């Protein structure tokens, strides 16, 4: 029932393979898809992968750098696959241990691994064991308990019922007799040991008399007439204090911004204009930088030592210097039990940094599979090894899987005499229009002309907001410096119109007027609003933009994952073609880079799409490109 089983090294050398009877298609396509989508992208938290109609499961052997992959039809439920792939791994390791320890590509190629007989034996054992654990069959009537009963035992007799009733009455009477009367119980107790109610159940008569004497003397003391309050009186709430207003007024000198020389110009006007003038943004964007201080590095080292001490408790025999050296020197391969305490701390740290809980679990599982069976280096700790592996995995996830060079793409569209179209989408209030204006400024700084399509025909003030950005951008780049033509224009048709039609007209206008870039601003919409999501899918399907960017905010946390998943799902469901157009990249707004940076990991992990732009503020210069190592450094700091 297996389609194929293959064993290959991490260098790509196929050591042995098996293909089921009747299977004509090659297994290279699904295996290559598994390598590209899971193994190379550090997404090995889940050991299963689907490709077409096949379901693939794999096992990593980090000691010998081998990968075991099994493929079977997705409609089948094979419960023995996980145990079977583990058995094959152990058998293959034990049989060819000497050849694998040579670790030479040419030597592995020259070796012939005759493993077919062992494989078929293990497969037959696994299939038989799965059949043995199947559901038990129905019992026959002779095997049931009813077959042992006779007709006489099933006949009910009245005498038996009366006997039962009489027996029940006798039991009730016996219970009543067993409970002595309250008066008899009081009479039976002696006067010296009489129990008194009202809080004196455990006191004898002499103790009660002593207690009464103490209360009598306490009541007749001077000043004892006032009864002490059992609970303190609640304090009265203080009333609102009267505000003291400064009625002296404000001096006009505080409002005088004129120059001391008396020329009527604002004080420091030229200096203020220079400060308001944005810096040049020609060329590629600056990357986000994060530098950890020495104190933070010392805190991380202290935390690493604590993790090491808590994860490996010292024994009596291994204490002192010998125990420390034993914990440092790499004398054995890593196991899941060794990494479990460190991984738990790493998982809690990622969740505290706004990484989604399920994604944090998958990342830690991926690191565990990557390191399990790997021999540690000399003088390295488990904590440092796991932390370094997690950092490498995070950097690999954030790295773009394809080329992201918008300036080059715009120039390529120029050579084809067509505009480069970018569509912005996202939920309400995340800053789509603001980030669109920043990107417009960056494109204008690099010598391109921009047409802004106002396709947000729903929100009041959306068109006016874009018109203000257009004026400011044209004032920063006057038309006189660009041949008398405005570098940025706004294409709008008012409110209440079809957004897809406005975008189509704007693209046609940009083609006729030789604009380089068209930036399409769409209305904000929640991911659960089906009519608005249908309208967005229509806009993208009709106009086919070159780039679809999702604008997300860092402070939403795990909500960003739900937004991205549902936006992609809506675009796929309402698409008009077999290959739907999904989100191509992310504009990540994070004003405070040390807060909420975990959302970047969640958004990139769930979609596999790169973060193209990072917004860091409210000015036109606050636009950066992503630096994966800076994000990971900010994420891993204590």
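Think of each number as a place in line: the chain as shown, counted from 1.
Using N, Cα and C of the backbone, Cβ positions are placed for all residues, glycine too.
Copied over from TrEMBL:
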REGION    132-196  region 'Disordered'
COMPBIAS  141-151  compositional bias 'Polar residues'
COMPBIAS  158-187  compositional bias 'Basic and acidic residues'
COMPBIAS  220-229  compositional bias 'Basic and acidic residues'
REGION    220-278  region 'Disordered'
COMPBIAS  260-270  compositional bias 'Polar residues'
COMPBIAS  293-304  compositional bias 'Acidic residues'
REGION    293-319  region 'Disordered'
DOMAIN    610-623  domain 'SRP54-type proteins GTP-binding'
Next item on the list: For the compositional bias 'Polar residues' (141-151), find every same-chain residue at least 6 residues outside the stretch whose CB is under 8 Å from a CB in it, and list them.
Entry: none
Next item on the list: Taking helix as H, G and I and strand as E and B in DSSP, count the residues of the compositional bias 'Polar residues' (141-151) in helix, strand and coil.
Entry: 3 helix, 0 strand, 8 coil
Item checked: Helix, strand and coil residues within the domain 'SRP54-type proteins GTP-binding' (610-623) as assigned by DSSP -> 0 helix, 6 strand, 8 coil
